[in-house]
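Accompanying notes for the structure given below.
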Amino acid sequence: MSRSIVRQSKFRHVFGQAGKTEQGYDDIRVSKVTWDSSFCAVNPKFLAVIVESSGGGAFLVLPLSKMGRLDKNHPLVTGHTGPVLDIDWCPHNDNILASCSEDTTAMVWQIPDQMGTRPISEPIVVLEGHSKRVGIVTWHPTARNILLTAGSDNLIIIWNVGTGEALISMDDHPDLIYNVSWNRNGSLFCTTCKDRRLRVCDPRKREVVAERMAPHDGIRPMRAIFTRDGNLFTTGFTRMSQRELGLWDPTSFEEPIALLELDTSNGVLLPYYDPDTNMVYLCGKGDSSIRYFEITEEPPYVHYLSTFSSKEPQRGMGFMPKRGVDVSKCEIARLYKLHDKKCEPIAMTVPRKSDLFQDDLYPDTAGSDPALEPEEWLEGRDEDPTLQSLRDGYVPPKSRELKVAKKNVLDTRPTTRRSMSSCDGSANLPVLLTTQTEVKVAEVYVGSRQLLQDGAPQSRQRCTS
């Protein structure tokens, strides 16, 4: 008599549970733009949702604690002149959010801890470099202030938002780019494109280091993400319009590590990956279910775990970073499901009897401190994310202001420069005063001029900075 061997895994019994009605966010008019983005971004402080608005594009930012019915007077973030297509929270500062729009720009916003009553309409920096709509925005996982944008002009631009400069531009894609995903240390990123190719790109070398033609036979949009081991997890369609997923080794693209057919549906499967547990959550637009899988080193490599089902279809989905989950309830992931007019949190939990901290469920996870400065990354240095323990839970830090020092502001925005002679006639001060030192020098200059005009003794004063 043979016994069936059950695969050992601590995630075999993960179950999803929707939050109670009072724990949701109601009266949110989710955007109806026909674009395959998640429309939602979340971090341990805020929930951001792209919403319908007149006179341009807008999105809503809510503190996570502000549950229930949305106040009609709650301010929106309104700076784009066209519909917003994608948003992404900075992994190193919970108050910084990037957005992109059909108006061909990307913008970076500072969200205050205490939202006022007026709309936020002034971004910290506007990134202008695309000639068509910008549909993808994603932050570098380990380097401070590095942001990637991709537009319908088939161009990928990597920015330093601390200076507003475009650092790298790549035009290797002949058609529309569907998605972009960084690897764990940010040395490479992968893309899927309308030409049906899956590419792995090295941005600092400005070249495609590996590519695979048609990892899925269908012509509908694909998605791809990096796993923690450096493999690629993809979702796509077969020729018969069946949805399928694949696992690939980018060093040998000839044959997949795993290829699995799922079902027949038109919705694009959006993958959300947790590197700590090596689990993938698949959310299809228009679906009413979330499937989750575990990736292992043993065949069949991608193991189906379970499905969370509900009655209403989802318009989009947000995925909470690991530092924002509730470790006291053995919660290993939390997703925010967008309905037509509300947002519903869904907790993924591993059942445990003990109330103690579960070390095996919560290895040290990526924290909010960057591992690299922009200049270090640009020079070729790579570092894994800075890790932190979740044993005592995660307390979001206070708001930190993103300071933008535009090195090239005088090149991009011509301004009339006026020469000001200082006290000893050796210093020239530009009209644009950007540092405290320049402001002090200007005050000394203005004061000395006033003394001369008032007939004061024309003694030579000593400049101080």
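Note that Cβ sites are derived from N, Cα and C of the backbone, with glycine treated the same way.
Taken verbatim from TrEMBL:
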type	residues	note
DOMAIN	4-68	domain 'DUF1899'
REGION	358-389	region 'Disordered'
REPEAT	77-111	repeat 'WD'
REPEAT	127-169	repeat 'WD'
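Taken as a whole, the repeat 'WD' (127-169) shows an average pLDDT of 97 in this prediction. Long-range neighbours of the repeat 'WD' (77-111) within the same chain, counting only residues 6 or more positions beyond its ends whose Cβ lies under 8 Å from a Cβ of the stretch, are 31, 33, 35, 37-38, 40-46, 48, 50, 53, 56-61, 119-128, 130-139, 141, 144, 147, 149, 151, 159, 161, 321, 366, 368-370, 396-397, 399-402. Mapped onto DSSP classes, the domain 'DUF1899' (4-68) shows 3 helix, 24 strand, 38 coil.
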